[in-house]
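Undergrad: Let me give you the structure first, and then I'll get to my questions.
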Amino acid sequence: MKILVDENMPYARELFSRLGEVQAVPGRPLPRELLVGADALMVRSVTKVNANLLFGSSVKFVGSATAGTDHVDDTWLNANGIAFSAAPGCNAIAVVEYVFSSLLMLAERDGFQLRDKTVGIVGVGNVGRRLDTRLKAWGVKTLLCDPPRADRGDAGDFLSLETLVRDADILTLHTPLYLDGPYRTHHLVDATVLNAFADGRILINACRGPVVDNAALLEALQQGKKLSVILDVWEPEPGLSTDLLARVDIGTAHIAGYTLEGKARGTTQVFEAWSEFIGTPQQIALSSLLPEPDYAEVTLTAPVDEALLKRLVHLVYDVRRDDALLRHAAHQEGEFDRLRKHYQERREWSSLHVICADVESADCLNALGFNASVRGAR
């Protein structure tokens, strides 16, 4: 069997070569001629998978090592007998930690305590749910908005977007991109919503670029709107507005989910789905793939406060690195994709063992996602 894998999918060659002949291919653009004789195609979010790409091909299975699937026309795949599997939740932890790192950076810069803020989370799926849990573990009040879950009667105190815009100090977006229908999220944050924000609010988009009307956001900022903005995703990509980038507080190249652990989860999830599809199911232990982190252990001599938490978080990942890289490169054609293709290795907080001086700090850090223990207990 011939299996095409995105050249930037970690561990793909190593894993899929167990089950067939592997050929690494570019994700954007992916020339149709490379599909000749292929049985399976493994992609990332940069590849548009639809009739234009696959009509008349021999591909029987498509795997996307991503949580989102708006780049895949799964309706067409199903109608044409092509199996499809994605990797829901694979990068959720990475996105949560990106948001946390960004907020701690703004808190230090602007002189506030994150615990004193109310965070409105729009979209309570794999990312939003985990973010809610970690924020609460740090003592942050959260407000939740998720109309589909509210209408289904899911457990949770769900509020309207209007309520979050009114009452939350920070609004962070974690929805799928729906272009139409009752739960449309395309331009969910538009000029009307932006005008409703009180001065000093923080807006974060780390889901899909068009969930925020980028033109309306740029206009609002140009007109002096006092809004701190964190954008990891843009409208459009890769050709983002450099004028908008110049006005946001943190801007990155759609890399919020790009931890080594998140990428490895995505690859292993689609590998396991493919192995099931061909009748030779295999399970992969993530730990068997990952290397030792650059920083494996640190010892604390004081209880954890917000300043110390920021130092721990930024020891593992400091968002300012990626912000600086995008600002330096954004004016050059092709650099957005190059930053993603050659992304520097980044780990999750769980890769860092924190030896604490007290039980309360260890419990708190474990709840936040670190690997923590009390001195002498391990």
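Note: Cβ is positioned from N, Cα and C throughout, glycine not excepted.
Residues or ranges marked as active site by Swiss-Prot: R208, E237. Residues annotated as active site, proton donor in Swiss-Prot: H254. Annotation source Swiss-Prot lists substrate binding site at S45, T66, Y258. The NAD(+) binding site annotation in Swiss-Prot covers D146, T175, D232, G257 and rests on sequence analysis.
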Undergrad: Say you check the Cα of Y258 (substrate binding site) against those of the recorded positions D146, T175, R208, D232, E237; which is nearest?
TA: D232
Undergrad: Taking the centroid of the Cβ atoms of S45, T66, Y258 as the substrate site, which other residues of that chain lie with their Cβ within 8 Å of it, listed in sequence order?
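TA: Other same-chain residues with Cβ inside the cutoff are R44, V46, A65, A67, G68, N91, H254, G257, K263, G266.
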Undergrad: Within 10 Å of each Cβ, count the other Cβ atoms, then let me know which of the recorded positions D146, D232, E237 comes out lowest.
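TA: Sparsest of the recorded positions D146, D232, E237 by Cβ contacts within 10 Å: E237.
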Undergrad: Compute all pairwise C-alpha distances among S45, T66, Y258, the residues listed as binding substrate, and give the largest one in whole angstrom.
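TA: Across S45, T66, Y258, the two farthest Cα atoms sit 12 Å apart.
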Undergrad: What does the structure give for the C-alpha distance between T175 (NAD(+) binding site) and T66 (substrate binding site)? Integer Å is fine.
TA: 14
Undergrad: Can you check which residues sit near H254 (active site, proton donor), meaning Cβ under 8 Å from its Cβ, same chain, 6 or more apart in sequence, and list them in order?
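TA: Set apart from H254 (active site, proton donor) by at least 6 residues yet with Cβ under 8 Å, we have S45, G209, D232, V233, W234, E237, F336, R340.
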Undergrad: What's the CA to CA span in angstrom from D146 (NAD(+) binding site) over to R208 (active site)?
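TA: So the Cα of R208 (active site) lies 16 Å away from that of D146 (NAD(+) binding site).
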Undergrad: Relative to the Cβ of T66 (substrate binding site), which residues of the same chain, six or more apart in sequence, are found under 8 Å away?
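TA: The list for T66 (substrate binding site) reads V43, R44, S45, A86, A87, C90, N91, G266, given in order along the sequence.
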Undergrad: Between R208 (active site) and G257 (NAD(+) binding site), what is the CA-CA distance rounded to a whole number of Å?
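TA: The Cα atom of R208 (active site) is 12 Å away from the Cα atom of G257 (NAD(+) binding site).
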Undergrad: Near Y258 (substrate binding site), how many other Cβ atoms are within 10 Å of its Cβ?
TA: 23
Undergrad: Just how spread out is the NAD(+) site if you go by the largest Cα to Cα distance in Å among D146, T175, D232, G257?
TA: 21
Undergrad: Long-range neighbours only, meaning 6 or more apart in sequence with Cβ under 8 Å: which ones does G257 (NAD(+) binding site) have?
TA: A67, C90, N91, A92, A94, V95, Y98
Undergrad: By a simple count, how many Cβ atoms lie within 10 Å of the Cβ of S45 (substrate binding site), its own Cβ left out?
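TA: There are 24 of them.
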